[in-house]
């Protein structure tokens, strides 16, 4: 069937800002699909508000609208752009919900826009809980006893009838938002009230709990002729009851019998046929571990998080092929880009095991509820490939970049009591895997662990094998025991920890078992493949990877977490483009399955590996690159630079010694003094007693900052001795013994610059001004370009300071500098690498900053790039505002008040001719607030309204606000803005606003600006 020639232009809806439940996988899918549609000859119109993505680059689509993903905004764009068709299934739940809203508003019909791919009727049937239940009954597919409810009374009645526990699943939500398991009437009432509020159609499914069953996923592809294939089967390590995004997942399925597998496979294909899916589709099923009974859990009629994992696990480009199907092609007509000889109708085959482990942000939110359930809490994930399940699991653990002690020991970092074991194993948190390994090392019977956790004994037996390998080393670290452990993926660090010796000693003792590299080819070696996609294993003798020659190796940034997000994948991809344009082969090492950088077509060769010295050095030894670039991999790559240099590896760009100088707080303070650059009065300490003395000498309030951390980890403002003790303890743990800077807190305007330098001169594309004052992490502050309140003299001084620092450090490539402006211009931080603002500044200046920085790293000068040293003049009549996006609604009891510790998961961009228009556009997708006219007023709490600064602000703006003491005091059916500066976990305003899906403001400067640019709100 030829492609659809009746249409010429296609609008694609992106997924918007990164948040828990909807992350970088949609940048990967959307980029892949847009490029495929362009290659097919269509005019592609992209609508997305996320500046941090490759998807919103001008090269990805013919027209890019960086605009809010609201019905009003998208309707306006569709009227102006006149697309023939709309493809919404690449934008996650956001894209689907917008497509439904556009249809219900009559926009698609009015503008005669054809919907591509899966129909709206199908989307509705899959997403609407009642409609889906009806379909399953018609297909004779078993589903748990359930009912659809719109109020609490009917839910309680149903639960009483079928018995507790029950599962609450809100309709049309993301990542299980608002859902949960209820064990009694009180829990059901609480969970349901939240779920009904968060569902855009005020609907929830109340379902008999099948927690404890095996959870199985199939990624299915179906074309326009009805040809269907299973792209990938996946099995969750954790049983039903834990969101699949928070579960460890293996591919292919590991524990089903052939009969069980075929039964579930048939069910998945039956459902996709009945729904008339056109493209990619994910189905989740539950298998009773004690019988052949299974149940259908749910389906996703779109590209999903699991699609990205399945694509990377198999090498099969799901989003690209889904886009091809959407324009009329069939699987038998689409070539598999991996083999370039077979067609997409062939089901992929795997001769390896893939493990995905989620990455959580509870290190950022120690007060948040870390228990896992049906609502997703992970911010990102890692993937690893191995010859055995043990090897894949241990490689994935090595990729997580968690606490080094836990990563080395594979156990909690403290003595665990029997009571704690039982609690952690029966009420799982993000640490359950490590408690399991500790329990197995301690000799707990496998059967008891299976009973406590409901995890399939097969998986526990694999963990038991790992524990035995470790016990052997602990008892007698012979070469045989070490080699056996290495073969199954036990890291050198873990072996050294238990053998009580150095990593170097272990490396020497295991040198006779080198890693070899195997290809990911989609066909288990059955056909010849050309994919440059490899993984390491200690099993096997044949190396399938051969040196490219004339290459540069680029370190990726690993899993997405707060402080190190998709922005660094953006810079990595652009670095690769510049390397290739310079005539080198580009090699990427990374382990994040969600990203564009780990698409094998991005680089000349991809190694899907942990970002550790143990895994990097054999790759470097094989490839012999001309150098390694670390500037675009965030703190992950920077932290590896020192060790790489010690091992004789050429690290390109700014020297490692200069990097260490800026990362070490004491050395950097000395540098600023030498250059006569203003800095806050302060000193460095390494322990609590010295901190108390320093605090009394400097005076409160103080800013406490550890060295070598990302995202403001363990940074805090301290006002007295009582607050100092826990903050210093946290900073010592986060910095692993490195100096902690304690300096005077400066209350002023914070701003920052990204700098391009060739070592002698520097170019500054723009100065960014923060709305929130110093003391709020730059990643959480609303950022404005060009600055609105900095005088020309201040801007000149910023340029002078940046130039001084770049020259002194001999910075080559990119650098980010943060300032506070009060009576003087003070430097507060320097990062000699790409920062999270690079995509934002690249979009608003129309300069490929990461590519330019890479060219400088490869030896070019600013002059040869045509860049004039100094500050770039901003474009006239354009204001660009970057606003943070938070996922507090997914992390109950987390602190919400903005502070030096970063909390946001993503960002959105608003652009306009004036500050006001740009502000409204940015707020629409970040705080879901366009103007005060759309709300009924302001709600705050007693602790917040008691603060003098708040009282002064309210009086100056003649505000009448509603003050609440309990969450139930929030006015029903009210569109209001919550405002709080109270960081207690039981804060009623934060809880109520998040439960009601209402805007929540947690910094006084944000509210000040909102009041300054919009009319005063009404009174509730």
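Each Cβ is built from the backbone N, Cα and C atoms, and glycine gets one as well.
Annotation comment: Swiss-Prot describes 1-401 as region 'Carboxyphosphate synthetic domain'. Look at Swiss-Prot and you will find 129, 169, 175, 176, 208, 210, 215, 241, 242, 243, 284, 298 tagged as ATP 1 binding site, backed by sequence analysis. Residues or ranges marked as domain 'ATP-grasp 1' by Swiss-Prot: 133-327. Sequence annotations record features per position, and here Swiss-Prot assigns Mg(2+) 1 binding site to 284, 298 based on sequence analysis. Residues annotated as Mn(2+) 1 binding site in Swiss-Prot, with sequence analysis given as evidence: 284, 298. Feature annotation from Swiss-Prot assigns Mg(2+) 2 binding site to 298, 300. Here Swiss-Prot flags 298, 300 as Mn(2+) 2 binding site, drawing on sequence analysis. Taken from Swiss-Prot, the feature region 'Oligomerization domain' covers 402-544, 402-542. Feature annotation from Swiss-Prot assigns ATP 2 binding site to 705, 744, 746, 750, 775, 776, 777, 778, 818; the stated evidence is sequence analysis. Look at Swiss-Prot and you will find 818 tagged as Mg(2+) 3 binding site, backed by sequence analysis. Annotation comment: Swiss-Prot describes 818 as Mn(2+) 3 binding site, evidence class sequence analysis. Sequence annotations record features per position, and here Swiss-Prot assigns Mg(2+) 4 binding site to 831 based on sequence analysis. Annotated Mn(2+) 4 binding site per Swiss-Prot: 831, in sequence order. Residues annotated as domain 'MGS-like' in Swiss-Prot, with sequence analysis given as evidence: 927-1020. The feature region 'Allosteric domain' is assigned by Swiss-Prot to 928-1020.
Residue counts for the region 'Oligomerization domain' (402-542) under DSSP, split into helix (H, G, I), strand (E, B) and coil, are 76 helix, 11 strand, 54 coil. Secondary structure at residue 775 (ATP 2 binding site), as computed by DSSP, is coil. Helix, strand and coil residue tallies for the domain 'MGS-like' (927-1020), in that order: 37 helix, 12 strand, 45 coil [DSSP]. Each of the binding-site residues 242, 746 was scored by the number of other CB atoms within 10 A of its CB, and the lowest score belongs to 746. Here residue 208 (ATP 1 binding site) comes close to 144, 145, 146, 162, 163, 166, 167: these same-chain residues lie at least six apart in sequence, with C-beta atoms under 8 angstroms from its C-beta. In this structure, residue 746 (ATP 2 binding site) belongs to neither helix nor strand by DSSP; it is coil. Ranking the binding-site residues 298, 746, 775, 777, 818 by Cα distance from residue 284 (ATP 1 binding site) puts 298 first. The separation of residue 300 (Mg(2+) 2 binding site) from residue 777 (ATP 2 binding site), Cα to Cα, is 36 Å.
With a 10 A radius on its CB, residue 298 (Mg(2+) 1 binding site) counts 17 other CB atoms from all the protein chains. Neighbour list (residue 300 (Mg(2+) 2 binding site), Cβ cut-off 8 Å, at least 6 residues apart, same chain): 126, 281, 282, 283, 306. Of all the binding-site residues in the record (129, 215, 242, 298, 831), the one with the smallest CA separation from residue 746 (ATP 2 binding site) is 831. A straight line from the CA of residue 298 (Mg(2+) 1 binding site) to the CA of residue 831 (Mg(2+) 4 binding site) spans 45 Å.
Per the record's binding annotation for ATP 2, residues 705, 744, 746, 750, 775, 776, 777, 778, 818 show a top Cα-Cα distance of 18 Å. Here residue 818 (ATP 2 binding site) is compared against the binding-site residues 129, 215, 242, 831, and the shortest C-alpha distance is to 831.
The 10 Å shell around the Cβ of residue 818 (ATP 2 binding site) contains 20 further Cβ atoms across the protein chains shown.
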